[in-house]
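A.B. asks: Shown below is the structure under consideration.
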């Protein structure tokens, strides 16, 4: 009838041993699977490290670094060393700024007033908006923010920098760098001219300037370095290079910057871009809330330092253009919110339809 030893007798070594239920129901250990390219997490969905959660370049509610450096502990505007200029770079260099914008008309004639105020019948506005900032004014504000970064850095400690950003080791021109280059602080107009040259030659937009400032402050936070007279040009150049590739649809190639700065090599630009990305931990995402925060903080910085923003009286034609722009944005948002797939109906809920036929 069959082999009794094979079906009834337990093998040696297993007699009298009971199985543990935990062994029976224990799940099998998970074997780590290699992450394929299809399962990679998008760079915008990656979590920010705990050390950088309150970083102003990532958190929309954290105050920007340049705005904190531009004000003294008592809340007053710090004194600027540059002289007033008529081109709108620095109009005011005194720290005795009033809290309000009321002007004493007994000492200033109405013909010399530079700030215009809106009334019930007249509205004065500039052409800068958060979606389409004015390029010239934005570059002035970004240059002023970088100026405060350099001026109000911690000068008691040794400057923390990297060799890739040192202008002595990696000069941008063939002209010899002076020995005291690390002690000559640039003025606001010098920073503005450097940024304006790059933006004009590369035909970059004002939004790219704001993203440049975001990347600059993110670099200072992540890499824990200082922006100083010895490295500010290469740090700004790296931020502009990265922002132009991320933001603009038609990115500028590294060889194009070599045409602007003729004494720099493509290999140097590639090394600068690669090191900048590594220091940012490849976090190049800029949320819309962070972008808006930097825009309005730059407006606040300009207002605190009396930077001239040309305003014009709101006319009927200009109001119609603004209304047309607003309608275009609203229609664009509505189109983006529309579902891609059409709504379907189940066959169970469909009722038979009878069509009338005329018999002749």
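Cβ from N, Cα, C; glycine included.
Just so it is clear, the model here is predicted, and its values are computed rather than measured.
Marked as region 'Disordered' by TrEMBL: 1-61. Taken from TrEMBL, the feature domain 'Cyclin-like' applies to 193-278.
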A.B. asks: Over the span of the domain 'Cyclin-like' (193-278), count residues by DSSP class, listing helix, strand and coil in order.
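C.D. replies: Split by secondary structure, the domain 'Cyclin-like' (193-278) comes out as 64 helix, 0 strand, 22 coil.
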A.B. asks: If you average pLDDT over the domain 'Cyclin-like' (193-278), what do you get?
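C.D. replies: So the average pLDDT across the domain 'Cyclin-like' (193-278) works out to 92.
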